[in-house]
Structures are given as structure tokens and as C-alpha cells.
């Protein structure tokens with residue numbers, strides 16, 4: 001079973017949690033896109049949902065495939081969000097934001113009664129940090145914000161390269177007009193402390209640590225999909 005087949009397995013297992021008539025947050029990334037494709041097949045057969053996308057990219061795919069969409073202002077309270085992750089630990093703490101949509105992903109997840117994470121088994125880790133942590137920052141005062149992040153890292157005993165994410169024509173810009181600093185800290189032993197410290201920096205708009213947000217993780221491997229509950 002290749003990586004895409006595992007993503008499809010996880011997406012299919014998550015779809016079983018979606019009930020007719022739900023208000024649904026729809027994530028961003030390759031695994032979430034497999035979920036959208038499967039959801040669209042159910043919608044075409046008469047299944048009713050209203051979706052809130054977490055990125056313009058997801059919105060375009062939903063429109064293309066016929067998944068009905070609303071804005072979060074139109075549906076401010078959601079029943080369920082299905083989204084992928086770059087890393088998942090045993091407590092269902094997550095690193096997200098590889099696709100650049102972490103701010104909207106976190107807003108939508110926070111507006112949901114439940115969040116289910118879908119991923120292939122390569123994303124399951126004992127401790128977060130092998131994947132670079134995306135930190136969304138305001139373009140104004142970028143150097144000062146970067147220095148503040150470095151100071152936070154030093155206080156917590158973390159070190160590593162901070163790189164401004166690039167796209168084909170310069171700095172990557174999020175749907176909200178911000179930039180992303182990818183922080184390669186390596187192992188993050190205290191994700192809660194790092195989250196709190198990053199939240200205190202004025203130039204940090206949001207970061208990719210999702211803590212106490214996911215209710216379930218559906219992890220797919222060669223033997224199929226398994227469901228994990230938070231070990232908190």
C-alpha cells in the first residue's frame with residue numbers, strides 16, 4: 001500500500017463519522033483532499049452537508065467537486081472538523097501548517113464540537129518536532145519577531161534554523177496576507193510551554209502547535225486504519 005492509498009484509507013474511516021446534515025470544517029493538505037473527494041461522492045448521491053473550508057485551495061476543490069460551502073461567519077458553530085496533520089503524538093498534540101493554512105485551520109477547529117485528524121502512519125511520532133514548526137507572522141517587524149522567537153527558543157533549551165518560507169516568486173504569503181517562519185527545533189519536549197511563549201509574541205499571528213484540540217486521530221498503515229484517542 002503506497003502513501004496515497006493510506007491517506008485514502010484514513011479519509012474513508014473519517015467519513016464514517018460524518019452524519020447527514022452536519023456543519024463540517026474541511027481541512028487543507030493532501031490527506032484532507034482525499035477526504036473531500038470521498039465526501040463529494042456522498043454528496044452527489046444525496047448526502048447533505050454544509051462545509052467550511054480552511055483555505056482557498058480547499059474551497060476551490062470543494063467547488064470543483066460540488067461540495068456545498070458556507071463561510072464561518074454564516075456557520076459560526078460547527079459539528080465536526082476533519083483535517084490532516086504533519087505530526088501527531090500519543091496525546092494527539094499536533095504540528096500543522098505545512099500547507100500554509102494553520103491560522104484558518106485553528107480557527108475552524110476551535111469553532112467545532114470535535115476535530116478528527118487523519119494521517120498516514122509516517123506522521124505518528126513519540127515527541128513532536130522532527131517536522132519543522134510553522135509560525136505565521138505579520139510581515140511588519142519581521143526581523144524583530146524572528147529575534148523574539150529565537151529568545152523564546154533559547155529560554156526553553158531549543159535551537160535550530162528559522163527559515164522564512166519561500167514560494168516560486170518570493171516569500172510565501174498565506175491566505176491572510178502573512179508570512180511563515182519554519183522553525184526546525186528538533187525534539188520539542190514541552191509543546192505546551194512553547195505554545196504559550198509563542199502566543200506572547202505580538203508579531204506571531206499563530207503557530208502550528210495544536211494542543212488539546214483533536215478528539216480522535218485516524219492513522220492509516222499497510223494493515224488498514226486505526227483510531228487513536230488522546231492519551232492525556
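Using the three backbone atoms N, Cα and C, a Cβ is placed for every residue, glycine included.
In Swiss-Prot this protein carries:
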ACT_SITE  105  active site, proton acceptor
BINDING   28, 29, 30, 31, 83, 84, 85, 86, 96, 97, 98, 99, 123  substrate binding site
(message) Let me spell it out: for each of the binding-site residues (96, 123), count the other Cβ atoms within 10 Å of that residue's Cβ, using every protein chain shown. Which one has the most?
(response) 96
(request) Report, in whole Å, the straight Cα-to-Cα distance of residue 105 (active site, proton acceptor) from residue 30 (substrate binding site). (result) 14
(request) Using the recorded substrate site (28, 29, 30, 31, 83, 84, 85, 86, 96, 97, 98, 99, 123) as reference, state which further residues of the same chain have their Cβ within 8 Å of the centre of those residues' Cβ atoms, listed in sequence order. (result) 27, 32, 119
(request) Restricting to the same chain and to sequence separations of six or more, state which residues have a Cβ under 8 Å from that of the residue listed as 'active site, proton acceptor'. (result) 27, 28, 54, 55, 83, 96, 97, 210
(message) Test of understanding: give the count of other CB atoms lying within 10 angstroms of the CB of residue 30 (substrate binding site).
(response) 13
(message) With the cut-off set at 10 Å between Cβ atoms, which of these binding-site residues ends up with the most neighbours? Options: 83, 85, 98.
(response) 83
(request) Would you mind pulling the longest C-alpha to C-alpha span across 28, 29, 30, 31, 83, 84, 85, 86, 96, 97, 98, 99, 123, which the record has binding substrate, in angstrom? (result) 15
(message) Tell me the coarse DSSP state (helix, strand, coil) of residue 28 (substrate binding site).
(response) coil
(message) Give me the count of other Cβ atoms within 10 A of the Cβ belonging to residue 28 (substrate binding site).
(response) 29
(request) Could you find out if DSSP has residue 98 (substrate binding site) as helix, strand or coil? (result) coil
